[in-house]
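Engineer: Attaching a single structure in structure tokens format; questions to follow.
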Amino acid sequence: MNMEVTCLLLLTLIPFHCRGQGVYAPAQAQIVHAGQACVVKEDNISERVYTIREGDTLVLQCLVTGHPRPQVRWTKTAGSASDKFQETSVFNETLRIERIARTQGGRYYCKAENGVGVPAIKSIRVDVQYLDEPVLTVHQTVSDVRGNFYQEKTVFLRCTVNSNPPARFIWKRGSDTLSHSQDNGVDIYEPLYTQGETKVLKLKNLRPQDYASYTCQVSVRNVCGIPDKAITFRLTNTTAPPALKLSVNETLVVNPGENVTVQCLLTGGDPLPQLQWSHGPGPLPLGALAQGGTLSVPSVQALDSGYYNCTATNNVGNPAKKTVNLLVRSMKNATFQITPDVIKESENIQLGQDLKLSCHVDAVPQEKVTYQWFKNGKPARMSKRLLVTRNDPELPAVTSSLELIDLHFSDYGTYLCVASFPGAPVPDLSVEVNISSETVPPTISVPKGRAIVTVREGSPAELQCEVRGKPRPPVLWSRVDKEAALLPSGLPLEETLDGKLRLERVSRDMSGTYRCQTARYNGFNVRPREAQVQLNVLFPPEVEPSSQDVRQALGRPVLLRCSLLRGSPQRITSAVWRFKGQLLPPPPAVPVAGEASDHSELRLDAVTRDSSGSYECSVSNDVGSAVCLFQVSAKAYSPEFYFDTPNPTRSHKLSKNYSYVLQWTQREPDAVDPVLNYRLSVRQLNQHSAMVKAIPVRRVEKGQLLEYILTDLRVPHSYEVRLTPYTTFGAGDMASRIIHYTEPINSPSLSDNTCHFEDEKICGYTQDLTDNFDWTRQNALTQNPKRSPNTGPPTDISGTPEGYYMFIETSRPRELGDRARLVSPLYNASAKFYCVSFFYHMYGKHIGSLNLLVRSRNRGALDTHAWSLSGNKGNVWQQAHVPINPSGPFQIIFEGVRGSGYLGDIAIDDVTLKKGECPRKQMDPNKVVVMPGSGVPRQPHPQLWGPVAVFLLAWQR
């Protein structure tokens, strides 16, 4: 039989139903958590507090309802790890954070919206639990009382730990726990203003017995399974804080290229302190080697200057620290300034007025730089009119100034300033200044025709300002129209020597006004001169819509409009329309007096099959072009699947088939011609062939819920469903979804749902938290290949390898008498009698017992035995019917008890809870389902049994 015929047998489509009701509804949301939560109370199942251990996996799921299907977006506030959390925007998104950190705790928000009403926002607080290793430090005070006759020594042992929740502290001397009441010589208290959790053990007036080992044990009371942690310190009469000394001076000046070695020597400390070197700012230089207390830096360079810190710690007292300030001799950036007579507020050099020439270099160490002045190649001679000063308060530190009093003509000449480090192998730096009648302050201007620079986006640009004067200072560039804006280089100011600011690949955000101004160094120290340049960046237009889906019924007109959003220049110079790539005649323009057009329109008198297709409008502004795309058709929009169908899955008793209620609405049905029918395609996942059927419909209205029931779907397989609307135009947009088999979770009703355990939710059953171990869900494909032979079923009751069942694994570490309990959901009793039907498999020489209990919820929880069976019953599935008569809300409990050995696996499957009494006729015990390999003929597959029920009736009055 080929695959297509098989699919036809497995899938039957029953008649179509249509309900005339508007089902559009705003989004609603609920947060549920899974994963590795701990300390979860019954009342925080959702939207409250999720407690999790640091390093475990956080799993939050936002369950949504509403139609159309809401979109989900997760966000987070509080905590400082938002950069590690990525937002999502998908349906029913499960937020999963692997190895969660404490900084990722906080409140998480689920926002669900579908365009109907207001969005639904729910939140849950995530509390991350942790316990760090404790830190124990020892501090001592010494005070003299009554002169020298009595000396008191008090020791404080401080234990600090970071934890959530707050930690509990236990102090021990040796193995004995310490407390105030047992020893008057100790005091335990919590200090104020400490970081983290802290407890102090105070040893008052040390006694001989106080010299011992002390342990600080911290605990969070095993919350989330976090074990206690402890730290121990041995106090002796030699315990002392660390002490250090350096082998060099605290300030060390060296020449570049030298090898530097610094030793940090311990002079005290018990226990033996640990030494560590660090550098600030930044890490230790590349090539630096720190071994114990010795630090070696080979071939030092100027960048290696900084503070080198040696720290000794032994948790007694405060750490000892010594710092070496390493200065590597260097000089750079020689500059000069010409300052006219300040008293007379002059900006020019004039005979008879004072003049000051200043020289500065950036050096390390700055104060060791020496300056020497030369005039016309000879050392400048000091006199009453020629003075050399240092550290002028109006100039940068360590600046040398040559002051000319009452400037004479003879003072004109070339002055040279030389900066040096005497006796050091560092090259001198010099700067030359020419003083004459031609030495004039600067002026700055923009060359003619360069005040406005216009370039295309992506091209290079050059902004230019001309500086006149002697000497000509550098030009500083900055932005004008954006106060906080930086230059394209990323700097607020940029220096150019030739007055030109060069920009590579300009972008539209570089448009604006730029300022050029003269620097106050390497020229006159006067008020800066400035000018401005405007940069205009031309860029292609941006249009809307970039893409638009236009739907209209056949015969109706359509207006297509392409609008200019932005561009430089901000106008449309041409607009070209195409249909399916073919050029269309220009549409008639609608002129507006005195205004440039900012849009182009194309009108279609009627939508037809021939006029349906892709339209393109290409808009240009002389710099470039942009395109509006329109897809015009009379196609129907896609259906909108309805995800809020209550209990869409219907399972069938004694068979492995199920049906599914498929519901949907039609999106915007009035936008096009009426929907005539739907094409339904159903395909089992991992199969190639599909069942296809046409479903005729009458007129469909907006918000009208449509329904179709799929039957004979195979448990537990999933199926892909595709649904395509058809109008007089033809096929519309297809919608697809995956439907999964889910076990029923509801109160018993006349519909008699059977739980096959095919879904991970196992019909709402839960593992009892008070038993010894858990039931396990598995099938033939997920069985452990190394499982114990001669016990347990090879497959479920259906005999298919995909079918699941529940069983207890009795191998190690299980022991005799261990119990596993599987608890049903809570049912509200609406009848006097109920019948619990189920299949069981009890095969193995060490089989214990299978018990069925009923838990009454009338007045507290009371468990009563309803049925029990023990011992080996063979490699067969057998059925039991158990009558119960609960007096109020109740739960049923399957209890598996481990026998004397590991060959004692017990399994159950196909549990049904039905109102009314159980069948009274007991069938032939030989008519049972025998598993393959037992040598006994097997009965037909359960789904083909017809009216004959094969079971063992076992009940207890």
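Backbone N, Cα and C atoms are what each Cβ position is placed from, and that goes for glycine too.
According to TrEMBL, the record shows the following:
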{"type": "SIGNAL", "residues": "1-20", "note": "signal peptide"}
{"type": "DOMAIN", "residues": "26-125", "note": "domain 'Ig-like'"}
{"type": "DOMAIN", "residues": "134-232", "note": "domain 'Ig-like'"}
{"type": "DOMAIN", "residues": "242-325", "note": "domain 'Ig-like'"}
{"type": "DOMAIN", "residues": "340-434", "note": "domain 'Ig-like'"}
{"type": "DOMAIN", "residues": "442-534", "note": "domain 'Ig-like'"}
{"type": "DOMAIN", "residues": "541-633", "note": "domain 'Ig-like'"}
{"type": "DOMAIN", "residues": "645-745", "note": "domain 'Fibronectin type-III'"}
{"type": "DOMAIN", "residues": "753-920", "note": "domain 'MAM'"}
{"type": "REGION", "residues": "781-800", "note": "region 'Disordered'"}
{"type": "COMPBIAS", "residues": "781-790", "note": "compositional bias 'Polar residues'"}
Engineer: Within the domain 'MAM' (753-920) only, compute the mean pLDDT.
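Structural biologist: Averaging the confidence scores along the domain 'MAM' (753-920) gives 89.
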Engineer: Would you kindly check 134-232, 340-434, 541-633 and say which stretch has the most C-beta pairs under 8 angstroms to the domain 'Ig-like' (442-534)?
Structural biologist: 340-434
Engineer: Quick one: do the domain 'Fibronectin type-III' (645-745) and the domain 'MAM' (753-920) have at least 3 Cβ pairs under 8 Å, skipping pairs fewer than 6 apart in sequence?
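Structural biologist: Contact between the domain 'MAM' (753-920) and the domain 'Fibronectin type-III' (645-745): present, because at least 3 Cβ pairs are under 8 Å.
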Engineer: For the region 'Disordered' (781-800), what are the DSSP-based totals of helix, strand and coil residues?
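Structural biologist: Helix, strand, coil within the region 'Disordered' (781-800): 0 helix, 0 strand, 20 coil.
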Engineer: Just to be sure I understand, if DSSP states are collapsed into helix, strand and coil, how many residues of the domain 'Ig-like' (541-633) fall in each?
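Structural biologist: Secondary-structure composition of the domain 'Ig-like' (541-633): 0 helix, 51 strand, 42 coil.
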